[in-house]
Amino acid sequence: MSEVIVELKHVNKMYGQTVVLKDINIEIEQGKFYTLLGPSGSGKTTILRAIAGFLDVTEGDVLFEGKRINDVPANERKVNTVFQDYALFPHMNVFDNVAYGLRIRKVKKDDIKNRVEAALKMVRLTGYDSREISELSGGQQQRVAIARAIVLEPQVLLLDEPLSALDAKLRKDMQYELRELQQRLGITFLFVTHDQEEALALSDEIFVMNDGKVQQSGTPVDIYDEPINHFVADFIGESNIIAGHMIGDYRVEFNGKEFDSVDAGMKPNEPVEVVLRPEDLDITPVGEGKVTVEVDTQLFRGDYYEIVAYDRLGNEWLVHSTNPAKDGETVDLTFDAEDIHVMRLNESEEDFDARLESYEGDE
Amino acid sequence: MKKSTNAAYYIPYGFWLIFFVIAPVVLIIYQSFFDINGHFTLSNYQTYFSSGTYILMTVNSVWYAFVITFFTLLVSYPTAYFLHYTKHKQLWLLLIILPTWINLLLKAYAFIGIFSQDGGINSFLGLFGIPAQQILFTDFSFIFVAAYIEIPFMILPIFNSVEELNEGLVNASRDLGASSWQTFRQVIVPMTMSGVKAGVQAVFIPSLSLFMITRLIGGNRVITLGTAIEEHFLTTMNWGMGSTIGVVLIVAMFIIMFLTGERNHHRKEARHEN
């Protein structure tokens, strides 16, 4: 099952002096939902375009089913793309848009009709065949774009921020539909987004990108719970990042106090950063917790309260709580040893994985 | 109050429209109902549509205008298309527009110099011992010069439509498996058709009534409706007949505008057949 279908090996891309991709190594396996997640300008769309064949990489190999496809033109690659702006042909109606690729492939007329109908049914647009593109809403155009790509039954579907133009509600709906579609078709999806919630919700595996590099790859849970560095911790979800020191294995010092932790394999006294997720912090009366803070402001977010508080050293603490707090109130925050995630400075992904393995194996 | 000040902005153009567009057209239509002696008559139209000379002249005009438009398009489309992908397109565009700033008459005389018996081309051919050719006063020279003059007016609208074309659509077509030629035919050409239509309007209609070039370059061997109008107004002084031909030209213009105009409903129906 876990057959590698697309692979990028030591891929670099430069525009003049500007480096947009730095030594990218990615393996995409058959049938999974992958996400390239990163802020704009991180190089995620560039990777997609390199796989689709819209740009040449400066160095390195792009492999499809083990064969180098750097020099294969876009129209001969067995991948299809759903574009950010959909790129539907405005001079054709829905049916002709979806049938475009099939007509190019000289598929028989009856087959075209059946396959287009099936694809439209899959994206729940049955009966929209003769609509003009300009008559469709954003969400419907989005579905036509997906139908146009999946009708060709590609092995890999590339999706370039396909939901970014939709409003919040529709976006949520489409997330479910995309995930369902991917599981039903068993096609490999490579999805590009800057929305971390979307990435966490949809993906089997996420590549977090910044600055032309893959910062960390792994399942959503891995990346959320064990961010490798400051960037990932900050970009994925909300987090409190505090500078500290590793005292020894399973002991960490920050905020002037020592705490038990579950991290090990670092040098004694090594400077580290500590991540505490806001939802892992609990509010208790003064004297019962681990850090004393004063509540500054709070926002009601619907399903939780987002509370901003400051400790005596002036560090900001972000807390997600189901119960409201009072502005100006002094409270304690408490957390468990497992909630403390320690990050080394400038640790590479390989070293990170190796270190985790070394002490997790001990237990 | 605001409405009236807004309306005031239209006054200068309103006067222009009335005095230089509507009034002349009305005058031409009015004139066309009078014969050479100033009597009201329909005979001008009768003559026009019954005389073989006029019919032939009309067919001739349409044919030459068609040929000129065809060759202009043949040169302009690829030019506009590749211009879009060149580095310094604004500079190239300027070079294309530049000749339109020079008076038509000057350009026509320049071509007389180039095409004449002892002109540039013949002296060049002479270097290879080829005897002087008759180039001036031929269909070739007429169409060549007319196309030369019209090309910028064709390139501009096509260039604009190519510029407006969303590059994403080209990528999408390639992504769906189309070769560059298939993409060109199925996406680029239909998407730039509005520019082509605008260009055809800008070239075909003026070409119908060309008269100076027919005389200077075509040597009066090519008689178009434009030439005929000039003859009637300046030589035979039959203003009525000249106006009648003018009316025919105006009607022809409207027909061309209608044929090349945007008609969404027709397009929709036509597509359903394939």
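Each Cβ is built from the backbone N, Cα and C atoms, and glycine gets one as well.
If you check TrEMBL, you get these features:
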type	residues	note
DOMAIN	B:58-260	domain 'ABC transmembrane type-1'
TRANSMEM	B:7-34	transmembrane segment
TRANSMEM	B:54-79	transmembrane segment
TRANSMEM	B:91-115	transmembrane segment
TRANSMEM	B:198-217	transmembrane segment
TRANSMEM	B:237-259	transmembrane segment
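With pairs at least 6 apart in sequence, the transmembrane segment (B:91-115) and the transmembrane segment (B:7-34) have fewer than 3 Cβ pairs within the 8 Å limit; the two do not touch.
Note on the transmembrane segment (B:198-217): residues 61-62, 64-66, 68-69, 72-73, 76, 104-105, 108-109, 111-112, 115, 136-137, 141-142, 145-146, 149-150, 153-158, 161, 223-227, 229-230, 249, 252-253, 256-257, 260 of its chain, located 6 or more positions outside it, place their CB under 8 angstroms from a CB of the stretch. Within the chain carrying the transmembrane segment (B:91-115), a Cβ under 8 angstroms from the stretch's Cβ atoms is held by residues 79, 83, 121, 135-136, 141, 145, 148-149, 151-153, 155-156, 159, 212-213, 216-217, all 6 or more beyond its ends.
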